[in-house]
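Here is the structure we will look at, set down as structure tokens.
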Amino acid sequence: MAVRKTLSMAAIQISRIMRPDDANIAGNVHGGTILKMIEEAGGIISTRHCNSKSGERCFAALARVERTDFVSPMSIGEVAHVSAEITYTSKHSVEVQVNVMAENILTGAKKLTNRATLWYVALSLKNVDKILEVPPITYERKEQEEEGKKRYEAQKLERLETKHKVDNVILPIVNPEPHTVGYSQSSLIHLVGPSDCTPHGFAHGGVTMKAMDEVAGIVAARHCKTNIVTASVDAINFHRKIKKGSVLTVSGRLTFTSNKSMEIEVFVDVDPFVDDTQGRYRAASAFFTFVSLNKEAKPLPVPQVVLKSEEEKKRFEEGKGRYLQSKAKRQTEMNSLTQ
Amino acid sequence: MAVRKTLSMAAIQISRIMRPDDANIAGNVHGGTILKMIEEAGGIISTRHCNSKSGERCFAALARVERTDFVSPMSIGEVAHVSAEITYTSKHSVEVQVNVMAENILTGAKKLTNRATLWYVALSLKNVDKILEVPPITYERKEQEEEGKKRYEAQKLERLETKHKVDNVILPIVNPEPHTVGYSQSSLIHLVGPSDCTPHGFAHGGVTMKAMDEVAGIVAARHCKTNIVTASVDAINFHRKIKKGSVLTVSGRLTFTSNKSMEIEVFVDVDPFVDDTQGRYRAASAFFTFVSLNKEAKPLPVPQVVLKSEEEKKRFEEGKGRYLQSKAKRQTEMNSLTQ
Amino acid sequence: MAVRKTLSMAAIQISRIMRPDDANIAGNVHGGTILKMIEEAGGIISTRHCNSKSGERCFAALARVERTDFVSPMSIGEVAHVSAEITYTSKHSVEVQVNVMAENILTGAKKLTNRATLWYVALSLKNVDKILEVPPITYERKEQEEEGKKRYEAQKLERLETKHKVDNVILPIVNPEPHTVGYSQSSLIHLVGPSDCTPHGFAHGGVTMKAMDEVAGIVAARHCKTNIVTASVDAINFHRKIKKGSVLTVSGRLTFTSNKSMEIEVFVDVDPFVDDTQGRYRAASAFFTFVSLNKEAKPLPVPQVVLKSEEEKKRFEEGKGRYLQSKAKRQTEMNSLTQ
């Protein structure tokens, strides 16, 4: 009886068809898609287990993933079956073992693609800094508990070691001084996937604009650390098509601040991996203006940008020109409306 | 009659409820979400128009977006109504004007949030480098055509100007030499949104791992420019929780290459914007191993990494150690299986 | 032995945590999210079954969904377990029955939220217009086959009827007066992208149902301006496949209100841009019933619809007929349970 209860409590299976967005252009599913499903199954099963006795409600937070091998690639159209089982519990930790099978539903062929081991700790819902006790599981055989304990001790040691290492990391800070251009400067890379594209295999212009707005927003948030929203976007020209499978590098830097707005210049550069004959090229650039809002959606003052180089000062003056020009234009429009 | 046909052909409306992932933590919809919807409406209406006469099939590619102002912020739960209309056609271009209204379906209140103008060109489906002629639209009043022509001439001039500027951009290449560490080094930033999080407001571990795999994959693709897949991931430790609204910076660099594999070190650094008292911290790091596959899914040779600094040489030797150790471990497992 | 094979072949379970984007602002999961998961499970199990004998490879296309009731609402953070089983096969059709359970992993509470029945046909991968034969399943008891046959004959008749009925609808002009049909009527367009489709390039039936539920939900919210949830969906027939790259226009209008429910009729029209030879066609239509909930998830009164035209009055009477019929049916079922 005890064994049956343990198994039914301690097993879950997540299944899903692999879609074009889960894979690269060659049709191979990204390792990251599988890792995400593995952790979803692990999180469900360990949260459920940690709440299986009465007492304080908690959720399971991922503490460690053991080394994971991808035994064979998975393809679009195959069904990923991710099954998770709790295999060991210590006072404060849960060990989950996960198997991933790929099933070709046309041929019926199944193959193992992954095996993973994850460690979770139970955190109180009321106070997320409080670690709670984990209910023990029942083992079918004595050796299962002993082997689990060995794995637990080994990973504990390694966690302590890396914790020490991580705590002593000095992050490479490009420019430590707040409100400088270097401080808020940001960039992201984005792999142009199937859902980003027209049926003919070119990125929708809207996808590029969304990525540009995202980078500009992060620059603005880094600069003023408040709730920021897009106020306007300058004209953007798209001179070249962007092919599926390309990698976009989108970078943004602060150029100008007025009392209540920030101007951010954003560049989009493209690496067309699918097309060897072509090198990296600039696909678009634009100026985004952001404002900072308080809880009543009223504009807040924006910290003045600190300029460090002649280049930055030149760009600031150009930004000021654009700012004054668009302010004057708005004024003219207002006047013509109220006449 | 002509007018009616023009209007029914040349008008479209896209409506969608704004969801948590469309907005920042304060509930304001990202400008990028709206820009993406605007371009989707523009793309549909202009593709439809360009195919409205018999002849070669084509799709409309975005050439330019005019300056766009965000008049008022939109919130989660509001319905965005994006309506697009074709307002001018030249021989090869279509002008689309788009209005965005936000409707609060609980109060019935509607407000204008955006007005945008987009320019498209028609590209042949058979030969995407061939620009096709655009069928003319019918104007209700003569002045509409004249004003459209003025807008067309003005944007044409600006497009030419920026084309000249963009063609002369010299992209800042950190390290131009292929196969060096600097050449393939990559990083992305990711804003931790609601769908990345548990109901308690912390990022799922799987979200972090997916972003790590994405960066590692781009480093691998940049290094060997072929179809690459994840072969294994080292143990990863998660020492600190990541809050909703944080910004992840995920960076990857090549550390080691064997004949048929690449090792990439990936770091995750966190800016917890929502929490003023805490600075940037390192949340995780791991080694990913990628292999390169040909069309029959057989491993291809990997170009040897070119090392430039003492640091890179040291990391290569450490990577070689990990590679030999895991190779020996696999050998032992194989032997024990065949005994 | 035969039974065992049947069960292992003919059962699948899909599980997933409900995320913020799966729900409305009040935290209730959209009926459309659940319908989409139901259809994914149905599509996997029937495609797998239809390919279980050697011969021409095929995929299962959704032909019909029987009337579906949403027994109790699901919330963000709960785990949806969708289990599907093949319960009948005719020469060319597969019947799949699906159960949806919501599990609160904190309290361990589980509740049934849905039961659905779906019908699939097997289409050849080489020639998608060719319907293939379906391998028969093994029944444990003779009555199972007989009852299945009755269900098969009944739905076949209804499918033929609606195929005949599918006609043109002209949506009336927007009417600003609250609680009229024109006031709440809504439509959206959706471009069928790669991730909406099977690997063979046709939209998953679940994608269409999700869009239908979204429109019906907006109509319901506009009418009663409160937190609304899907209570049931009438049978839906899918007479034609929808190709990747098509544009769906999904429109909804209020047909009937009782004291505590609204009935909304939803149409799906398809523009197959990718296919020159075909004009716009109606792909599906269905009646959705919504209820309005207060914060304790108890039903609220619904404002009476204001009817303006003879057509609207006729549709109201028809809706009343469906309402009384389904109420009588529920009463009969209740009585048979308590006898």
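The chain as shown is numbered from 1 upward.
Cβ coordinates are placed from backbone N, Cα and C, and glycine is handled just like the others.
The feature region 'Disordered', as given by TrEMBL for the ranges C:142-163, C:318-339, sits at C:318-339. Note on the domain 'HotDog ACOT-type' (C:182-296): its mean pLDDT in the predicted model is 87. DSSP assignment over the domain 'HotDog ACOT-type' (C:8-126) gives 25 helix, 59 strand, 35 coil. Packing around C:Asn24 (active site) is summarised by its Cβ count: 17 other Cβ atoms lie within 10 angstroms of its Cβ, all protein chains included. Recorded residues C:Asp213 (active site) and C:Asn24 (active site) have their alpha carbons 12 Å apart, per Cα-Cα distance.
Counting residues of the region 'Disordered' (C:318-339) by DSSP class, helix then strand then coil, yields 21 helix, 0 strand, 1 coil.
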